[in-house]
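Here is what TrEMBL says about this protein:
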DOMAIN    27-94  domain 'Copper amine oxidase N2-terminal'
DOMAIN    271-671  domain 'Copper amine oxidase catalytic'
ACT_SITE  344  active site, proton acceptor
ACT_SITE  428  active site, schiff-base intermediate with substrate
MOD_RES   428  2',4',5'-topaquinone
């Protein structure tokens, strides 16, 4: 992985000046372009001529808030002209510097992209490991299949002669001794294709093999092969209980359409989303404007899609929102499963794993896509197409009231704008989305799907550590614990957070003679701290600006967050798993804002022994957060004890976090949403449709029905015009 020849990286002062004067300036929050990534790469190569460089990440170094806020304020006032007001354009680079003696140093640099110069440089401590990259993941199966150790272990399992081995490379997990400098390792979960079909798309998770090879990444060598316990409930932690023929009791369970047992259902007709006059949003570069919302979309290799500078009706609401971390710890105590814990953002990167979304599949309707700009290991800029999709959806009723005296009803539909990205991490898929609604609310959503991670289990047995989802395949109990980072800016950066609860008042003649009263208790958080959900007290958290009062209520303007009361980490506090994800021990963390602090579990999670630089360390600074610039971190999760119905692919599990205005407005902000009757809606009657459009479904084959869109056939002459207009009032 040596860099290419460097004859083209010399840059004169005049060339730098020409770039500065002729290149249109990007917005400070725009992703680095391919050209900017390449210029950053060249700057690093010039600064380190005696080393071979392997690039990990080249990402935008977001401007310090003290520099960016004045620019954003000027932008909202339409006062941005020329370059002088712009913060410097910086890139942060994580790379390996390999010396002539093959020594390796993990390095962290900041490059001034405009000038093409490295402006800061640090060596990372040896105890930290950088995220895995695509080359390492691709190399693992090749190294394993060539390894004599692994071949010998496979030979002992009496596998079918035509078996095709499939390996899921996995992060190694936590390092047992925090005082040691750990070598850079990777492990792999091993499976086989269905020996009967050998189809490359067959569900190999139905054929798990009881081996985990461990690779020294630097040496590109399998250093050992861990053999797995496969016993059932009565076997405890015993090893060596499995059958001689390791796969004979497994059977195929498929999800790809052509292999689904029994075929596909035939009674599904097309359901189309039609927007004949186009969308209600506009997108100009990274800037999105929709209804009264205005914000920017960012993207990076670790967090995926990020949301910036969020305003509603020309009022500041949030500075930045992102998904910060996700840890997936498994609950099987049999070694080596105590290492089976992924940090999918810190160990690999959500942006790196983002899907290239396809029109008509992942998002329906009129779609706007955004590309991602990242780098390969040589430092070259690469474009990942369509990694973020944006579209509008109908989400039922927004508000409704009927005057029963006059029988006049007014009803409005709840239209949402959704910004979404999807990642694939070996077996699992995760869907992350930001929902913006017409009443000033934001919903942050996660959905989990994909294939549960399976390990072998002996025939005819069950296990306390998971559920048998297919013969020979045990899906282990595990958790998915997320953390979202919310940087508020309610009418400006100086905010306060208030914990609010509802409690019964004692049944006394003086205060509560009839026993029906309750009181609302509020507690202002003054120093950095953590808090937990308490649904029995209706606990919520208000982010307010004490300097701006609502003229109706007299209370400070704000937004409320109702924390998800989901179960948090089940690992013992003294375990390596729990220590690595301290963020998962509480629902809410409130820290003072510091530039560059984006990671709930710390910057480096790969093979960590303890969370370093994460939210636990941040709150221990005991800083003032009242009427200050602070950040909220909300941890929530899914305890996943698998069902048979989760196999071969699990239906989605959805989790939502809601941010809603609380005394921010003087009335319902959605009261002005038009109340319109949708003219494309039609009556159903037995035997056909009354009027409107009829879907003409191809009659010949289920393949045509699944892959070709139905034709729309006009039933009457006026239906097309009615569909396009859709403006008849619902409140006549």
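Using the three backbone atoms N, Cα and C, a Cβ is placed for every residue, glycine included.
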**Prompt:** Distance between residue 428 (active site, schiff-base intermediate with substrate) and residue 344 (active site, proton acceptor) at the Cα atoms, whole Å?
**Reply:** 11
**Position of peak Cβ density within 10 Å, selected from the active-site residues 344, 428** = 344
**DSSP residue counts for the domain 'Copper amine oxidase N2-terminal' (27-94), split into helix, strand and coil** = 26 helix, 15 strand, 27 coil
